[in-house]
Amino acid sequence: MFFKNNAGLFYTLISVVCASFMVIIVKLLSETVNIYSILFYRGFFGFLLVSIFLFKIKKEQLYTKRIHIHFVRSVINALALFFWFIAISTSTLAEVSAIGNTAPIFATFLAIIFLKEKVYLNRIIAILLGFIGVLIIVQPGFYSIEEGYYYALIAAILWGMLVVFLKDLSKTENFFAVIFYFQLSLCLFFGLIFFNQIGFLTQKEFLWILLMAFFGNLSQLFYFQALKYKDVSFVTPFEYLRFVLIAFFAILFFNEIPYLATYLGSLIIFSGMILLSLDKKIIAKSYNFIFKN
C-alpha cells in the first residue's frame, strides 16, 4: 500500500539516479572516446536493449501514423544530447547540470510564445528567475565564460523546444514506440552523418557504454512510469536532485568543487521550477487572499 501510494515519487527518484549515473559515465568516457562515438553507441546499444522486448510485445504497438513527429522529436533530441554531451565533456559537471535544469523554464517561455498559452504571474517570475540563475552561474563580464556553458544552454533550449513541439505525442503513442524510434533514429543519425568519426571501442569502453545505454533507457522508462502516477508539475521539481547527485559525484570522482555562485544560481533556478509546479488553483487562491482581502 505504501509503495502504491508513493509509486510516482519512487519512479521519479529512480529516473533521476539513473540519469545522474549516465552523466558520470559520459564524463568518464569523454576522456578517451569522442562525442560522435559515444552518441552512436548510445543509440546502437540502447536500440538493442529495447529490441529485446520485441519478442514480448505486440508488434502493433510500434505502428504509428505520426512517424514524421517521431522523426522530428528524435532529431531535436539527438541535437540536444550532442550539445549536452559536449558540455559535460568540456566543463565542470555541477555548472552545466545547473544550467541544464533551465529546460522546463525554457519550455514554459516557448509555450507562451508559440502555443499561445496563458501568461500567469508564476510563469513570468519563473522565467525571470531562470534567467537570473544562469547569469549568476555564468557571471558574464566578470570571468571568461566556459565554452561548455553555451552548449549546456543550447541543450536546455532544445529540450524546452522538444517539450513544446511534442506536447501531445504521448496522447496517441505508447512509451515503447517513443523509445524505440528515438534509439533507432539516434543510431542512424550519428552513424550515417558522422560515420568517419566513429571509432572502435576497447573492452572497458564497451562495458561503460553498454552501462550508459542501460541507465539512459532505464531513466526514460521510470520517467514515463512516474508520469502515469503523477503529473509533470509533481515530477519536475524532483529533477533538481539530479544536480545534487551530479555535484556530489563530480567532487568524488573528478575533484570538481562547485563555486558558491553555482549553488546560489541553482537555488534560484530551482525556485523557478517550484513556481512552475504550483497548481493554478493554489496560485489563484493566494492571489485572491493577498490582493482581495
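Any Cβ shown, glycine's included, is placed from N, Cα and C.
Please treat TrEMBL annotations as automatic predictions, because they have not gone through curation.
Record features (TrEMBL):
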- 7-138: domain 'EamA' (DOMAIN)
- 148-277: domain 'EamA' (DOMAIN)
- 7-29: transmembrane segment (TRANSMEM)
- 35-55: transmembrane segment (TRANSMEM)
- 67-87: transmembrane segment (TRANSMEM)
- 93-115: transmembrane segment (TRANSMEM)
- 124-142: transmembrane segment (TRANSMEM)
- 148-166: transmembrane segment (TRANSMEM)
- 178-200: transmembrane segment (TRANSMEM)
- 206-226: transmembrane segment (TRANSMEM)
- 238-254: transmembrane segment (TRANSMEM)
- 260-278: transmembrane segment (TRANSMEM)
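Between the transmembrane segment (260-278) and the transmembrane segment (148-166), the number of CB pairs under 8 angstroms, six or more residues apart, is fewer than three, so the stretches are not in contact. Long-range Cβ contacts of the transmembrane segment (67-87) within its own chain (Cβ-Cβ under 8 Å, at least 6 residues beyond either end) map to 26, 30, 35, 38-39, 42-43, 96, 99-100, 148-149, 151-152, 154-155, 158-159, 161-162, 165-166, 169, 173, 177-178, 181-182, 184-186, 189-190.
Secondary structure of the domain 'EamA' (148-277) per DSSP, as helix, strand and coil residue counts: 110 helix, 0 strand, 20 coil. Simply put, out of 35-55, 124-142, 178-200, 238-254, 35-55 has the most Cβ pairs sitting under 8 Å from the transmembrane segment (206-226).
Between the transmembrane segment (35-55) and the transmembrane segment (238-254) there are fewer than 3 Cβ pairs closer than 8 Å, counting only residues 6 or more apart in sequence, so the two stretches are not in contact.
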